[in-house]
Amino acid sequence: MLRTSARPWETVSRYRRYWLSAFIILPACSAGLMLDQVLADRLPLWLEIPTLLIFSMLFAWISAGFWTALVGFILLMTGRTDTAPGSPELRLAEPNPHHKVAILMPIYNEEVERVAAGLQATFKSLQRAGALAHFEFFLLSDTRNPEVWLREELVWSALCESLDAFGKIHYRRRPVNNKAKSGNVADFCRRWGRDYEYMVVLDADSVMNGETLYRMLEMMEGNPQVGIIQTQPVAVNRETLYARLQQFAQHLYGPIFSAGLRFWQLGDGHYIGHNAILRTAPFTEYCALPVLPGRPPLGGPLLSHDFVEAALMARNGWEVWFVPSLSGSYEEVPPTLIDDLKRDRRWAQGNMQHLRLLAGEGLRSAHRFLFINGAMSFLAAPLWGLFLIIGALGSLHWAGGSNDDTVTPFHWGSAIDPLPFWLFGVTAVLLLSPKWMAILWVARQPGRRQQFGGLFHLVLSMLMESVFSVLMAPIRMAFHSQFVIQTLLGKGVRWGAQVRGDQETSWRVALRFFGWCSALGIVLVLALYPFLGLWHFVWLVPILGGLIAAVPLGAWTSRPALGRWARQQRLFVIPEEVRVPEELQALDSDSVAYLPHIEGDAFVQVVVDPRFNAIHSALQRNRTGLWPRAASLCHKALEEGPQQLSHRERNILLSDRNSMLSLHRAVWSMNDRKRLTAWGLESDDQDELIHEAGQ
Amino acid sequence: MFKDESSYSVNPAGEGLPAWSAEAMVVAHSAPVLARMERYMARLALADAQRVWIRAQVIRQLQEVTVDQEALFARAFASLHQALATLGNGDELDARLDLSLNKPVNAAQDVRSCRWLQQQVAPAIRRSTMASLPMDRSWLGAVSRLWQTLFKRSKVLVSRRILTGEV
């Protein structure tokens with residue numbers, strides 16, 4: 001039996017989206033018409049039309065953000081969480097004791113101790129909540145580096161031993177990394193999905209509160225029509241100035257945007273790929289990702305999978321809810337501007353690919369809008385760039401035609417039309433007012449105010465964050481434009497591990513990465529100033545200033561010392577720093593100090609150390625097909641030393657139990673000192689003899 | 001499983017005493033070999049009694065056969081693993097694994113340690129299929145569907161099955 005009637009929230013959401021569309025389209029058209037009045041007499045048609053088109057598009061783009069923030073602000077100020085009929089928060093149910101939840105942590109060449117700390121924190125939090133019986137953990141490794149792989153195995157066994165969690169924490173390494181993270185999760189679904197009613201997908205740096213996980217389970221149990229529930233993870237734990245700026249902005253402005261987003265989306269919500277619970281059966285049945293025809297970057301496997309998975313889930317009648325009121329969901333942001341831009345490079349390509357799904361049959365309009373919105377996050381940059389270039393050409397044309405020498409920043413003269421100032425003012429309000437709304441909302445709550453370091457420091461932090469945002473906007477614009485152009489020209493991006501630690505950017509690296517931005521800024525200043533004159537040039541100062549400052553901004557904002565200093569001054573403080581939740585306290589490096597460390601070459605250690613060798617060998621199977629190749633590699637390792645083996649050769653040996661046992665026995669049976677030294681055993685034997693001689 | 005000193009007699013009453021001089025000879029001639037064996041056992045964190053017993057087994061084996069210097073290390077290591085296998089109910093890998101995981105001595109266990117660890121690392125696989133479903137992505141198709149929706153009113157809002165318990 002199929003359902004053909006609309007669900008209760010659908011009617012509500014339809015009207016809300018009509019209003020949103022009207023709020024976006026009508027002011028954008030009005031602003032375009034106003035600008036047209038200014039430009040009509042001053043610019044030729046070939047400059048006027050593209051200026052108006054791009055301006056209207058960009059105006060619509062920023063006004064969508066503004067209306068979302070305004071709605072969220074009103075909801076939060078009136079203390080009303082949005083509880084439209086059908087909201088999953090309204091129906092909680094006691095979990096069926098037979099329903100199990102798999103908590104998936106896909107990892108790829110990650111810092112193993114950090115992953116272990118996050119997993120341990122979530123595990124203990126579930127234990128405290130008394131909900132552990134429903135949950136099992138899966139570390140799904142796509143790691144290619146044999147050193148990291150071996151550390152993962154050793155840490156997994158130590159973690160299970162210390163938490164008494166054998167059978168509760170599982171580990172699987174996938175030797176072939178087909179379709180990256182989405183392929184990793186799909187592999188879980190194919191192997192074990194049938195045994196788990198739900199799965200919670202985490203990132204390598206995610207931490208979740210046990211109570212929150214249990215609440216999500218209750219929501220899924222109470223709402224059998226819901227396919228995905230997405231939480232709003234908050235950024236925590238970073239120390240660099242850049243990351244602290246991001247954390248602060250996300251904590252301050254995030255809630256109003258989230259509340260607004262939820263208002264428009266309702267059951268057609270989004271999924272960001274982590275910190276969400278998913279119903280496994282429909283996910284397995286409907287959410288396998290299509291491979292786009294053609295070659296990457298615009299064809300081939302989808303690089304950003306999450307939005308598409310949500311769209312496919314909704315396409316098949318399942319609801320996707322974003323529930324920002326679920327607290328206790330944490331993530332970490334990239335520590336530096338460079339790392340952030342590297343992530344943006346992948347997202348840019350992924351979001352551009354989504355445009356090829358826009359006409360997809362059966363997709364819901366809300367998800368088509370999300371595809372456009374995601375792509376616009378990156379397409380807006382070249383559009384801004386184009387708008388500035390056209391604006392500069394227009395200014396040249398205008399300056400050349402007006403012959404008005406009286407125009408200076410301080411003496412505008414009678415020739416200046418006030419309309420552009422109105423448009424500039426409206427644009428500034430659209431961009432900056434959400435920041436003030438967030439301040440007002442926080443200021444209204446005395447407890448919350450203190451969690452941001454007090455009202456004075458909150459406002460000061462917001463102003464400073466705005467300055468940094470303005471300065472970094474042209475840098476992002478330059479890079480995003482580069483990413484879009486690269487993608488359109490067919491230059492793809494490779495899947496790489498993310499930087500999770502607070503690593504600062506050296507001046508040399510900053511110069512190599514941002515040098516071209518600063519050079520571009522200087523060239524533009526030298527080229528434009530003589531032609532534009534002071535008055536027209538002043539308008540470009542924020543943009544050119546940001547570009548010129550790219551190198552020092554990239555280097556300085558990556559400094560953890562500056563971040564710590566800001567914290568001492570109570571700047572960019574976030575609530576989780578004032579009152580640290582238990583899960584985040586458990587991330588302290590001391591919490592995983594007990595985990596075994598591998599000194600030196602991990603491959604040598606796994607061959608030589610009898611305990612490590614036993615754990616690793618026990619986890620492998622005999623790959624008889626590999627034996628002829630493995631035998632020659634064993635011979636090579638013993639004759640020439642382990643250092644002569646490549647990563648690939650090591651991976652072959654490591655994946656075969658028989659080879660690992662044979663190497664272990666052969667190395668301990670060797671009599672040749674030179675070869676023993678290569679395996680780090682000769683010094684051991686000498687030490688022993690010296691020790692005995694001493695006795 | 002492992003056997004501690006209560007299970008194994010480290011030096012059963014006077015046994016081996018007649019061979020004391022032969023054993024001393026082996027120890028004297030194979031000092032580097034035994035040193036390496038000691039090093040190996042130290043990494044395994046064996047109990048003292050287990051270590052002494054294994055050492056005795058290795059020495060006894062070396063006593064019984066005459067091998068050249070080249071093969072001495074291999075012979076000694078094979079003996080050591082044989083002794084370890086005796087501790088681990090016939091499998092030296094199981095014995096090493098039990099020591100690595102600090103499992104209690106003589107713990108009752110239905111399956112061998114190696115198999116047990118494999119069961120813990122990943123549950124039994126129950127395969128499902130997960131393949132992407134066909135989807136018409138063409139703009140022509142989209143326009144045609146829009147036309148039908150707007151002018152023929154033949155759209156179906158949702159095609160999901162009604163679930164048990166759903167309102």
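Including glycine, each Cβ sits where the backbone N, Cα and C put it.
Keep in mind that TrEMBL annotations are predicted by a computer and have not been checked by a curator.
According to TrEMBL, the feature domain 'Glycosyltransferase 2-like' maps to A:103-285. Annotation source TrEMBL lists transmembrane segment at A:20-40, A:52-76, A:370-399, A:419-443, A:509-531, A:537-557.
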Long-range environment of the transmembrane segment (A:370-399) - Cβ separation under 8 angstroms, sequence gap at least 6
39, 42-44, 47, 50-51, 54-55, 57-58, 61, 64, 270, 304, 307, 310-311, 344, 347-348, 351-352, 354-355, 357-358, 476-481, 483-485, 528, 531-533, 536, 539-540, 543
Maximum Cβ pairs under 8 Å to the transmembrane segment (A:419-443) - stretch from the list A:20-40, A:52-76, A:509-531, A:537-557
A:52-76
Taken over the domain 'Glycosyltransferase 2-like' (A:103-285), the predicted model's pLDDT averages 96
What same-chain residues lie close to the transmembrane segment (A:509-531): Cβ under 8 Å, and 6 or more beyond its ends?
338, 392, 396, 399, 474-475, 478-479, 537, 540, 544-555, 558
